[in-house]
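J.: Quick one: structure below, then a few questions.
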């Protein structure tokens with residue numbers, strides 16, 4: 001009889017005074033020695049007269065139920081074990097008695113593959129599948145024992161033990177359960193080469209596991225061998241192979257496969273439909289998914305909760321939220337009750353859209369139907385409110401986690417900590433972190449990174465360094481993001497030496513360096529004007545085959561232009577163009593700044609006009625940079641012309657406070673205070689609020705003309721607008 005399922009034996013051991021075979025497997029002492037050449041040959045090859053006499057004595061003692069059998073077992077060797085079991089082939093009670101007594105008296109007996117195989121056959125025939133599997137596991141885990149030796153041993157003892165093919169089913173299942181799938185496949189191939197038949201249930205276990213870990217080609221090889229062997233497949237086989245096609249992205253072959261198996265009398269069931277609907281939904285092929293779903297009733301199947309959940313999730317993931325709500329309503333009309341998975345999909349999509357009203361509506365509906373939200377639902381809600389800055393609501397949902405009988409995990413805590421860090425409430429974030437640890441919830445790298453980012457943003461580098469040291473002491477390995485956060489923090493404070501030390505630490509620890517890390521360092525050294533180090537960092541990045549991004553080029557070009565290295569900036573520009581990287585508005589503005597700082601505002605204007613002709617759309621900074629450049633060159637007519645061009649030609653670009661301040665500065669420097677006064681009034685009329693720099697410039701202009709009356713008038717206006725003068729006044 002073919003055994004389809006491994007279950008603990010219900011057969012009672014006739015000798016209850018003996019310990020069961022599990023004693024053989026629980027011993028921690030080594031019980032095997034390397035297999036000798038005799039272990040894979042016939043037991044009679046080196047079977048002596050004394051061994052034969054010993055076997056007779058053991059068999060006689062077993063039949064008589066004598067207690068002195070132990071005295072005989074002490075002289076036993078593996079070949080004699082095999083011979084005893086051969087003699088017991090027609091009396092399984094004696095065979096079991098022998099196996100149990102051997103295990104009880106000599107748990108460390110040095111078995112060979114042959115002796116274990118004979119025991120396995122007897123135990124399988126006796127229905128003691130759990131004990132047989134224990135013996136198989138011992139054989140499988142033996143060092144230096146190949147699949148060929150195991151299969152040969154089972155084969156050579158097969159007939160003499162009166163065994164059946166269910167032994168080989170058990171072998172395949174044991175490999176699968178031990179997660180030794182490559183070995184299971186090899187054993188299956190060997191068994192088929194010897195003409196043994198493996199049941200479809202064991203084959204399903206093998207191909208199902210192969211598909212699950214992505215070894216689809218091996219699974220198809222087993223399936224084809226099953227088909228050749230004439231073993232009848234069943235609907236489980238069908239579903240496994242349909243899943244294999246879906247997993248391999250070969251959806252177009254499903255129809256042909258189903259036609260082939262239906263010719264064999266095997267037809268799809270509801271699992272088949274759900275598998276295909278899930279595959280189509282995950283790829284966003286929703287029309288195909290709906291077509292299958294609508295076809296189900298005609299085949300005698302009703303879409304269930306799993307079916308609806310799959311479709312709703314697919315619609316949500318591919319941005320079709322309104323359609324997902326329609327399917328949800330249809331689900332309710334069909335009498336099905338949504339579960340937490342249903343609501344999770346809707347909540348996550350509503351949260352992603354940032355729709356607070358809709359999200360709360362879905363959550364409220366969920367609670368009204370007595371569906372308990374899971375941690376993912378709560379984390380989605382909390383994430384929505386922390387992103388929008390509504391920490392009170394986020395905290396309310398955090399407390400609801402506990403009220404629902406759930407234990408907040410590190411994801412839940414990290415979301416709330418991140419919200420407080422964004423608000424600059426570091427002390428509250430740290431209190432939450434302490435609560436998290438007290439609750440036995442371990443911090444991971446993401447949690448540390450979140451707090452580190454908050455500390456660095458608040459320029460609390462000392463605290464950040466302490467937290468980083470704590471992280472490493474807890475044996476948590478920082479990732480590239482961790483160190484990039486710290487590098488950025490030190491760069492922003494001008495601690496470039498500390499930043500470089502962290503960068504070197506990344507290299508020493510072989511932490512993956514990415515373009516973000518390099519960009520951070522480039523920006524830090526570029527802003528302090530250390531062009532040589534910036535170029536060294538660039539060269540190091542390129543040598544490691546890390547491709548610069550448009551941001552990388554923008555940082556380097558800006559650094560070069562800020563120092564007036566226009567020729568080098570153009571070399572970088574040309575390299576960027578040669579790599580088909582389209583210049584960004586930031587890069588163009590940097591080039592314009594380079595011209596202006598070199599005293600060539602006219603060339604900067606020509607550059608801007610050329611870029612506009614090539615489709616570049618300038619922004620306020622583009623014009624402001626040029627206007628300031630012409631003001632520095634005391635070319636006020638050009639500066640005014642650009643303001644007019646900015647307003648009229650570009651449509652939508654409105655002069656801002658920097659634009660007006662640049663013009664004011666030019667007039668004040670030339671002692672043209674009437675013109676400066678006109679610009680100030682026009683600025684206010686157009687709704688552009690002057691800033692402290694505006695008033696300071698005007699006051700200094702009047703003071704330079706010894707016009708203290710006007711200077712004090714502007715000073716009073718400045719105070720009325722809430723600005724305080726600086727120390728220079």
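Think of each number as a place in line: the chain as shown, counted from 1.
Just so it is clear, glycine is given a Cβ too, placed from its N, Cα and C backbone atoms.
Per Swiss-Prot, region 'Disordered' is recorded for 26-45. The repeat 'PPR 3' annotation in Swiss-Prot covers 199-233. The feature repeat 'PPR 7' is assigned by Swiss-Prot to 339-373. Marked as repeat 'PPR 8' by Swiss-Prot: 374-408. Look at Swiss-Prot and you will find 514-548 tagged as repeat 'PPR 12'. According to Swiss-Prot, the feature repeat 'PPR 14' maps to 584-618. Marked as repeat 'PPR 15' by Swiss-Prot: 619-649.
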J.: In terms of Cβ proximity under 8 Å, which residues at least six beyond the ends of the repeat 'PPR 12' (514-548) contact it?
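T.: Tertiary neighbours of the repeat 'PPR 12' (514-548) are 480, 483-484, 487-488, 490-492, 494, 496, 499-500, 503, 506, 555-556, 558-560, 562-563, 565.
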J.: Going along the chain, which residues at least six beyond the ends of the repeat 'PPR 8' (374-408) come within the CB cut-off of under 8 Å?
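T.: Answer is 340, 343-344, 347-348, 351, 354, 356, 359, 363, 366, 415-416, 418-420, 422-423, 425, 436, 439, 441.
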J.: Is the repeat 'PPR 3' (199-233) packed against any residues at least 6 beyond its ends, judged by a Cβ distance under 8 Å, and which are they?
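T.: Long-range Cβ neighbours of the repeat 'PPR 3' (199-233): 2-5, 165-166, 168-170, 172-173, 175-176, 179, 181, 184-185, 188-189, 192, 240-241, 243-244, 247-248, 261, 264, 266.
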J.: In the same chain, who gets a Cβ under 8 Å from the repeat 'PPR 14' (584-618) while lying at least 6 residues past its ends?
T.: 550, 553-554, 557-558, 560-562, 564-566, 569-570, 573, 576, 625-626, 628-630, 632-633, 635, 638, 642, 650, 653
